[in-house]
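Here is what TrEMBL says about this protein:
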type: TRANSMEM; residues: 28-48; note: transmembrane segment
type: TRANSMEM; residues: 77-96; note: transmembrane segment
type: TRANSMEM; residues: 102-127; note: transmembrane segment
type: TRANSMEM; residues: 220-239; note: transmembrane segment
type: TRANSMEM; residues: 259-281; note: transmembrane segment
type: TRANSMEM; residues: 302-322; note: transmembrane segment
type: TRANSMEM; residues: 353-372; note: transmembrane segment
type: TRANSMEM; residues: 384-409; note: transmembrane segment
type: TRANSMEM; residues: 429-452; note: transmembrane segment
Amino acid sequence: MCTLTMSASIPALKPAQCVDSVCPSATPYQYAVFFFGLYLIALGTGGIKPCVSSFGADQFDDTDPEERVKKGSFFNWFYFSINIGALISSSLIVWIQDNAGWGIGFGIPAVFMGIAIVSFFSGSYLYRFQKPGGSPVTRMCQVLVASCHKWNLTVPSDSSHLYETSDKSSAIEGSRKLLHTDELKCLDKAAVVSEAESKTGDYSNSWKLCTVTQVEELKILIRMFPIWATGIVFSAVYAQMSTMFVEQGMVMDTSIGSFTIPAASLSTFDVISVIFWVPVYDKVLVPIARKVTGQGRGFSELQRMGIGLFISVFCMAAAAVVEIKRLQLARELGLVDENVAVPMSIFWQIPQYFLLGAAEVFTFIGQLEFFYDQSPDAMRSLCSALSLLTTALGNYLSSFILTVVTSLTTRGGNPGWIPDNLNKGHLDYFYWLLAGLSFANMVVYVFCAKIFKSKKAS
């Protein structure tokens, strides 16, 4: 943030001012400094996001029933605080950048990041620390290499003959021992003690012999993979908020009297929806669900994510209905061949943003809980990173779907579903396609959730 602030404040680091309508281009050096700042933010975010939610949840004791329930609330209010920040940045900070300058607009977040660093370290004496157990990627590779190395060995029918440390604690620092499961027995070969190892008594080479706990870590990740994969389609739906929803809003009436609303600013209603739904979920829905399900958290993580996927179908359906009405109005007014806005208020988009915010509260927060609770103790940050990876892959999937749809629907000289002039297109068909994909994704998710087995710790 400091680099960006300097890039926007120091004359030598920012492009020369525009003269009338002529704006000089930035120099390669100025571009380099600016993008260096952006990539530093990406690097810092990669360090913060996967760790901050799991570190916060680590402050609650799983063995204490009261603290375990509070941990469920932590994820809700953690996500709530993120969206409060998003609301401030997309409104107040954007206004400052437009009216007071980019230097101040970048400088304010830089100051608050400094305050955040001081706040974080000032609480160090209060934190509960989980000792790092080494690289989880290395441990997974060791299991794969060891199982391939012992491919010809037979897995004993009695799992107690598989290798595990005799100590009460696991060989992996900061992790409890995991009980053996019968799935994916091919990986159990990594824990089979060979004749040579039995004779020498040397069990120290983890690339040839792994503990049952180490093998079960990889099994847990593989079992979570189908659940993780269904989050990619949801993220593709979520990506429409900053893409197709904006395109749709730009050909609607964005004025309120003499004031014009930027189409992209309507995403604020998604943030408002999240801010509304988090306390409603935590204070209203959870107590009601708790009485019905008997679970401390009201809904299980899998149930919560499933509800979010269900709501996402209605979100896309709502967007399609708005587009059908908009196109109908364009035809009635003879605006089909004109690339102009239709006199239909952009506020008709609010329901789709509101539904997307509700789906976000159920699915994204449910993912945070699920990947934290089901991940092995020493792999929680990695699993949190995997849940965040669905957002990136969802954006790529959204782009891929859009490319395929455009390619198929523009054949033979047709304008396609999403032409430059949306009044001639059928964006509603695209939304229905996403609604159908969301429904199919939900069906697959329900099947995967039913066969999913939770981890077992000893």
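Glycine residues also receive a Cβ, built from the backbone N, Cα and C atoms like all the rest.
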(request) Could you name the stretch, out of 77-96, 102-127, 220-239, 302-322, with the greatest number of CB pairs under 8 A to the transmembrane segment (384-409)? (result) 220-239
(message) With pairs fewer than 6 apart in sequence excluded, do the transmembrane segment (77-96) and the transmembrane segment (353-372) have three or more C-beta pairs that lie under 8 Å?
(response) yes
(request) Mind pulling out the one from 28-48, 77-96, 302-322, 429-452 with the most Cβ pairs under 8 angstroms to the transmembrane segment (220-239)? (result) 429-452
(request) Report, as numbers and ranges, which residues of the same chain sit near the transmembrane segment (302-322): CB under 8 Å and 6 or more residues beyond its ends. (result) 227, 230-231, 234, 237-238, 240, 244-245, 248, 293, 348-349, 351-352, 355-356, 358-367, 369-370, 428, 431-432, 434-435, 438-439, 441-442, 445-446, 449, 452
